[in-house]
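Feature annotations, courtesy of Swiss-Prot:
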TRANSMEM  9-29  transmembrane segment
TRANSMEM  82-102  transmembrane segment
TRANSMEM  108-128  transmembrane segment
TRANSMEM  154-174  transmembrane segment
TRANSMEM  183-203  transmembrane segment
TRANSMEM  241-261  transmembrane segment
TRANSMEM  282-302  transmembrane segment
TRANSMEM  325-345  transmembrane segment
Amino acid sequence: MIPSMVWTALGAFLVINAMLLSASLLVFAERRVSAFIQNRPGPNRVGPLGLLQPFADVLKFVLKEDVQPAQSNKFIHSMAPVVMVVIAMTTASLIPFAEGVVVADLNVGVIMLLALTSISVYGVTLAGWSSNSKFSLLGGLRSAAQMVSYELSMGLAVISVVLIAGSLNFMEIVEHQSSGGALLGWNAVRNPIGCLIFIVTAFAETNRAPFDLPEAEEELVAGYHTEYSGMKFGMFFLAEYVNWFIASFFIVTLFFGGYLVPLEPQLIALFPALEGSTLLALLQFVSLMLKVSFFSFVFIWVRWTFPRFKYNQLMKVGWKYLLPIALANAILIALGVVLFGAVGL
């Protein structure tokens, strides 16, 4: 019998490689969708339909010279991109891809997610500080302030889901969303305010437009990674796209039924052999990926639809609007759990 640690290691290996491939596909998808929105062709020269363009970009990063700023802290400067990638890949281990298919099935999975989201601030801050550049430092400080500000609202949105599901385990949160019927059991229907807040804060946490203040080209050149080149810059690039993909996964997992197939109970009633089968697991995985692909498209769509916030507007939205609304929403759901006997902690 194969030990459980071997299965965990194999699962982690597969997830890491899947995230690497997904990041490449996201780069290609963003370029093509952006080109479509801007009415231009997009990459179409490297390989059929430009499909090999992301791999050409990786080769470019590998072959580029790695320039180290003269007065920088060399060790921290080199470790910052590694920290970002490791945290992004670790977060991917919490995603339930189908019923029973998850690398780390933790009873405190939600707390683990919030913890990993919090410590990702360190990679950005250390990159800005260690570069010995005012642009990098300001970009790092902006990013830290932004991420800390929006983590509070994100945490409250997640707490509202935990109160409804009565569990901190992602698998149980997904399964709880099957209790209300085809789509009515989704937390997006039961908790629309929490869903909207989580989506907005996910944009801010991943530094995606219109919340990409740490990389405001007009003010800070490239922000916290201004002084990075070669594969170190490529690692920041990779971490950003992996975080974007993972954010889409957790939006779907927490609010849109995760891997649950619409009308899944009816399908199992018609075909009882489906229950617990490999075919059902494949259907669940396809359902999850379709939902995730939609939200990945939404990230691109929003980037080319809304202008970037000013820094004071960014802070105002986070502290003056999102945080009070998220807190009020969590309190109302907690009262509902107590007064109406809903499933709670």
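Glycine is no exception: its Cβ is also placed from the backbone N, Cα and C atoms.
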Report summary line: Counting only residues at least 6 beyond its ends, the same-chain positions whose CB falls under 8 A of a CB in the transmembrane segment (241-261) are 19, 22-23, 26-27, 85, 88-89, 91-92, 95-99, 113, 120, 158, 161, 170, 173-174, 177-178, 183, 185-188, 191, 194-195, 198-199, 202, 205-206, 208, 267, 280, 283-285, 287-288, 291-292, 295-296, 299
Query raised in the report: Do any residues of this chain, six or more beyond the ends of the transmembrane segment (282-302), have a C-beta under 8 angstroms from a C-beta of it, and if so which?
Result: 26, 29-30, 33-34, 37, 97-99, 101, 203, 206, 208-210, 244-245, 247-249, 251-252, 256-262, 264
